[in-house]
Structure formats: structure tokens, C-alpha cells
């Protein structure tokens, strides 16, 4: 490289400078020398080498003591390059007849340190010109230049907005430069999270280069421009008993720490932090809620609806009624929106609401009226009615001749609640029959059955008794040998069957009274005698029930 037409050597600060003597060695060379020129042009000799004796001598120059080396081809090297080595050096070759000279220019370069942004502002305020920081880069040669960047884009000076001041200071002992660039900046809200950096541009041996600082982000303070109120948790529905947190926030930086909360029914705002908590809210908490800055300059509002659900069951709890009575039942709902209502009886969902114009035993049970608000999770109410239907014992007796013609089945159909206790007796003797069989007690009904084979006419009495009453009904049963109309077990026509039995009994009594007027003594003697005989036969027949059953089966097979 040439500088002003001269040969130039570029050296790095601290490295070794190598300067070849660019002259051809002439014949008859006596010696070679190196010198440098002072700013005023006067020479300073620093090295000598004889071509005859091959010895090397270095002049006593303090700046170059122990730093010089002159080779046989007259190449001069200088160790530990300094800024002061930037001079015009001259190589001289001397013969008896001539002196030849060739100058070399030495340029020294020093890369600066990575720039740092020092004295950073703690925070920046919008609409205010303030010192952002100083970009400092040290030990550069030659001096460099400093450029500021925001998000990778160059910051150009703008009056009262971007003010840049660059200072360059040289260290007299080393000759190195320190560059300091200060930046005054008026930030805006958009500068929040902006990355500021600075770059030093410097000259090196191979050309221009740059070094960038680490980016810095500043906390930008700006006033609140908008207030927002939120309801937490952010659920679409709120029900009675929930806890509600109102949160108020401002979009300034730093955000406001205190607000005024306006609650329905309150004329003055309640001063609080950014949250206001309401616990176990009721339906009267429904309304518009507001919050504002403490100076009331900005405000936001929201509407809260507290959903509720009330259920009134009439009657409820345990209710005891008599069979045949009417019982009006109502399940009344009051809610914040349409509710779904359904009934459950004994764990089974009902298709319609219960209505009792005439209570029956099968109406007894546990009734639940339940309602929900489908859109409101967890809002559910229910009440229970335990219905007890009581009734005095009702009796209907039937008789049937078995197919084998060897026995008769007498059935006492009983209704009542609480469940009646049943007892069979033989009219006249008062004997108690203990071998009756009972069916399952369902919906207040069951049957008690006996099988007999009377040799004489007999009257059987069925006694049913519960806590409400004792009911007695009798039935005349003819002897097996006497043909008799068999009565079917018609459980669905209880009243007509009972009327027929009572009519027969009345007719028998009237006939008996007429006969008694004619032959009272004879009839009484016959009646007592026949009653005792029948009692013995019934007891005997009840012990042979299984035998009669087998006989009946055999007769049926024979007939088949």
C-alpha cells in the first residue's frame, strides 16, 4: 500500500512492525542504516549494519531500546508497536560513491473496546427530554465514531427529541482515544420494550469495522389513559352463595395502585386497592358496578346478575292421611330465569306431577320435587314429601271348591294400613285356625287363605285388626257333599262381593227367626250339635291339606 505515493506498513497496536528495505543491494556496499524523521524534518538514526564486518549497532534512542532488530537483508522490525511508531522511516544503503534512500510510512491501528451504555436512566417518562445514557468506547486509534440505534434503526438528531453529544479524549501516555456519546431522548408510550444500543465505527489495518454494545431496554412511564373493571372468576354465571372479586386496572405504567369502587345502593365510592371482594353474594347484589381512578377522572362499569332459585313444596316433610281423602300438592318455583322441574317417587322419575283427589294405598311413598337452572352450574334445589296413607281394615271373603271336589279354599282379602293382623275362627266353637297362608303385603293389600273339607255346614270368621280398628266378617261354607255355587276370587269387585255375602247372611237370619218361632227348641238343639261336629271335622281337615292336594291332583289326572 502507498500513502502519498510512499510505501506504507499497517501495524496493529502491540504487534511487531516489519519494514523491508526496498532498495537493491549495490556492489561495493559498505553499510546500511535506518532512521526516522522528526516532525521538523531532522533525522534520528536508530540502527546500523556493516556489510564488511556483519556487525549490528543500535543507536541509543529511549523509545526503541530493546525493540529493534535489523536482519542481513536490512529488514527492520520493531516489537510491541506503539502509537508513537507512526513515523516516516528511511532505509539507507551507503557505498564509497553513493548513498541510496527509500522511505516507508508506518500506520498503527488499535481496535477500541466494546462500547457500553453507562449512567443509564432508572426509567423514562413520556413527553420529557431526559438523559438516557452514555455510550463509552475506550482505547481506540485512530479515534472512532459513535452511532445510536433504536430497535436496529439509526437515531438521527431531532431538536428537543433526540440530542446526541460526542466527546473524544486522548490518553497522552498511550495516544489512545476514548469516545463518549451521550443521548438525551424524549420517549413515547411506544418506546416501552424498545431496545437501545450504540455502535462504534473505527479504522483497522484492513479497512473500516464496527463494534456494537449490548442492547438496553428501559422502563417507560406513561399515564393511565383507560380504566377497566373485571369480575373474577370469569364465569358466565354467578349464583347465590358465590364469592366475587372485582378487579380494576389502568393501562398506565406504573399501573395505579388504588381505585374507587361504586357498589349498587352506595352513593359514595369505596377506596380500595385494585381488587374488591364480596363473599356469599345474594340476589340483591345484582346491578351495575363501577370503578374509577381516585381522582374520578376515568371510569369503567360492568353489570352483575346473581342467579337464584327458590322452591316451596306444600305440604312437605312427613304427612299422614286417610285413604280416600284428597291431598292438594303444590311445588312453587321462583328463579332468576326459567327453571326445569321434575318429580321423583321412590327413586323413579314421574311423568306428571302428583295429584290426589282420593288417596289410595299405592299413593304412599317418598316424593321429591327437584328443580335446576340448566345454564347455572351447581344451582339445584329439592324438597321431600313423605306420604303415609292409613286405612281401617277392609275384608272380603271368597270361597272356591277345588277341582278334586274333596276340599274348598276360603280366602280372606284384606286391605288396610298399618298392615292388619288376621285371625281365623269357627263361629260357635270359637276355635282358632292357625294354618292359614298369607300372600305378600303390597300397596296395603294381602290375602289369607285356608283349605278345608267340612262334612257339615260351617261358618268361618275372618278378623283383621290394626291400630285404627278391628273388623270382623263371616262366611257360610256348605259341606263338601252339598252342591254349592263356587265363587271366583274376583279381587277387583270387592264391594259387590261383600254386598252379596251380607244379603245371604240377612236372608239366613230372617229364615232362622221364622223357624225359631215354630220349632225353637228343636232348631237350637240341632244347631249346637252340628257346630261341635263341624269343629272336629275342620281341625281334622286342616291337618290333611297336603293329602287333599295330592288327591285332587290324582283325580285331575284320572279325569284327563
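Quick reminder: no glycine exception, Cβ is built from N, Cα and C everywhere.
TrEMBL has this to say about the protein:
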type	residues	note
DOMAIN	103-212	domain 'Ig-like'
DOMAIN	223-305	domain 'Ig-like'
DOMAIN	324-386	domain 'Ig-like'
DOMAIN	393-473	domain 'Ig-like'
TRANSMEM	505-527	transmembrane segment
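The average pLDDT computed for the domain 'Ig-like' (223-305) is 91. Residue counts for the domain 'Ig-like' (393-473) by DSSP state, with H, G and I taken as helix and E and B as strand, are 0 helix, 50 strand, 31 coil. Residue counts for the domain 'Ig-like' (223-305) under DSSP (helix as H, G, I; strand as E, B; rest coil) come to 3 helix, 40 strand, 40 coil.
Counting residues of the domain 'Ig-like' (103-212) by DSSP class, helix then strand then coil, yields 3 helix, 68 strand, 39 coil.
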